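Look at TrEMBL and you will find 1-18 tagged as signal peptide. Residues or ranges marked as domain 'Inhibitor I9' in TrEMBL: 26-105. The feature domain 'Peptidase S8/S53' is assigned by TrEMBL to 129-566. Feature annotation from TrEMBL assigns active site, charge relay system to 136, 200, 518. The annotation domain 'Subtilisin-like protease fibronectin type-III' is assigned in TrEMBL to 627-725.
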């Protein structure tokens with residue numbers, strides 16, 4: 001009896017202590033939609049599950065945040081840890097995970113990709129019927145990129161809505177839908193509206209499908225005609241990101257609506273680290289989009305050049321790295337001795353004087369501030385800085401400190417390499433260490449040193465290379481799949497901006513220049529939409545395959561860049577006629593997951609939407625990776641002395657008439673790549689053929705291994721290229 005009494009006391013104590021634990025937002029993911037139940041019925045079922053876990057009807061209603069039920073099944077709720085664990089044990093639940101806060105991955109580029117306005121082959125009528133959905137920070141309807149002059153009626157397939165709000169009075173025939181999601185109310189001070197307050201969503205939207213705007217520039221920099229990759233297409237914005245970030249619950253709500261609304265392509269320039277696929281809202285949402293024939297393009301992340309940093313790696317996602325284009329920016333500084341040095345920045349200011357006094361940070365120091373040469377905040381004397389250009393070590397946004405003290409410019413020593421440019425609040429340029437030494441020597445040798453910083457101009461440069469910040473593989477979740485898939489322009493891209501945000505000069509700009517895989521992702525979304533106008537019945541995997549196998553290999557700087565480039569930089573016009581495609585269905589991906597032990601069982605039956613589903617009834621995928629993927633990757637284990645893998649592939653002939661493709665292998669010394677058969681003969685379009693690739697080689701037991709090869713299928717009209725990579729570090 002005493003034991004029972006003590007247990008009762010312990011229970012009371014546990015309940016009392018749990019009331020002091022703050023409830024956290026969780027997502028309860030429940031797989032595919034039931035075939036017959038309405039959204040209302042689902043909501044009631046979600047409530048009953050939640051009430052059972054919480055133990056109180058009223059608390060359950062207060063705790064529920066949102067019910068997903070338009071495109072997939074699940075709900076979001078504020079839970080205690082033990083309640084989340086209880087829900088995770090329910091037979092109808094695939095996974096339960098915390099709703100974390102994710103982040104955004106933050107013109108000339110389309111001409112560089114060969115998709116020029118004048119020369120490109122276009123299917124304008126089909127393009128006008130194309131709807132691209134973006135999950136982002138909103139959209140600014142006042143931008144000329146989103147005017148609807150000349151656009152026809154909204155496509156009849158559109159089922160979405162336009163929600164108005166603060167600074168957002170409505171949509172038009174260009175931007176046909178807009179919603180916002182702030183389910184967790186992570187910031188009570190925000191304006192509830194689809195309006196873009198940071199510029200990111202407007203930038204990505206106009207990159208995909210912005211209308212043609214002549215004379216676009218950032219205060220004269222990068223001037224030209226701005227347009228999206230599919231300028232006739234329509235835009236649907238799902239605002240899921242706010243100043244503090246993007247929650248998992250909001251992301252899933254955006255996917256839930258976008259899929260049901262009838263979008264054709266989804267673009268998501270958001271990330272937040274690697275998680276198991278069914279604890280990742282982007283992997284979940286994109287899986288259900290794929291099942292409805294919608295390809296999702298996602299940014300690979302901006303955590304390069306480190307290895308194993310790639311994000312959004314589910315095999316049904318198109319994972320996009322950032323590459324450079326052949327346009328660069330130069331900001332020249334002229335010294336008083338007429339010496340000119342070229343640096344980098346985005347300086348929008350035109351010179352007002354011929355010369356300004358020049359002083360080093362160390363010479364402008366307050367007493368006892370040895371770090372003043374870095375121009376750190378609080379280290380400089382305002383009297384010595386005012387009216388002068390400062391020479392500073394490093395590149396740490398000293399322009400803001402100097403500007404606040406009345407300085408008129410900054411020459412910074414760029415001690416670490418960078419490709420990302422930012423608008424500066426006062427004239428500034430960042431020089432190489434070698435050129436910085438020239439500036440320092442001039443200051444030290446001159447009684448009254450002077451300088452002037454010119455406005456930034458554009459120059460031509462060699463490209464494409466992988467952007468240094470672009471995240472690299474390999475990945476951890478599906479370690480046999482090479483990610484990223486492709487690269488696209490993401491370096492210093494000019495596109496639409498919002499009037500609700502200012503650039504660092506304090507001015508508003510109709511267009512802005514941004515860098516990141518965020519900028520690369522919408523390029524691929526647009527390329528996929530462009531491709532779909534010619535091949536409306538192609539699956540997401542077929543579109544992905546065409547873009548991968550026709551991609552242009554990047555120029556490689558460091559050898560480990562190979563782990564970040566995927567198949568190469570997209571070539572949209574070439575992808576229209578790829579010759580062969582590697583196709584995959586929802587069943588293919590589920591079979592792939594069956595081969596991964598931690599995904600087997602009841603969860604996959606729920607995912608498939610079929611209670612009778614069993615992995616044992618699925619024909620097992622063969623080969624080292626178990627997926628008909630357009631790239632081949634061999635992870636080399638630690639202390640392994642051999643590379644060995646077998647890949648089984650099936651290709652579909654999407655050309656016209658009979659054709660014979662012959663295999664051509666390029667491989668390094670010591671790596672054998674054998675293809676069987678060596679020729680693929682097709683009598684007519686849409687026939688399929690299978691082949692096998694055997695990769696073998698010897699490697700040292702210790703040290704890094706990076707072996708790059710490729711297989712090309714050629715019929716004299718098409719060149720179908722498949723990258724092959726083996727790696728250990």
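For all residues, glycine too, the Cβ spot is worked out from N, Cα and C.
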Whole-number mean of pLDDT values that fall within the domain 'Inhibitor I9' (26-105): 92
Cβ packing number for residue 200 (active site, charge relay system), 10 Å threshold: 26
Other C-beta atoms that fall within 10 angstroms of the C-beta of residue 518 (active site, charge relay system): 30
Number of helical, extended and coil residues in the domain 'Inhibitor I9' (26-105), per DSSP: 31 helix, 23 strand, 26 coil
Helix, strand and coil totals (DSSP H, G, I; E, B; other) for the domain 'Subtilisin-like protease fibronectin type-III' (627-725): 0 helix, 62 strand, 37 coil
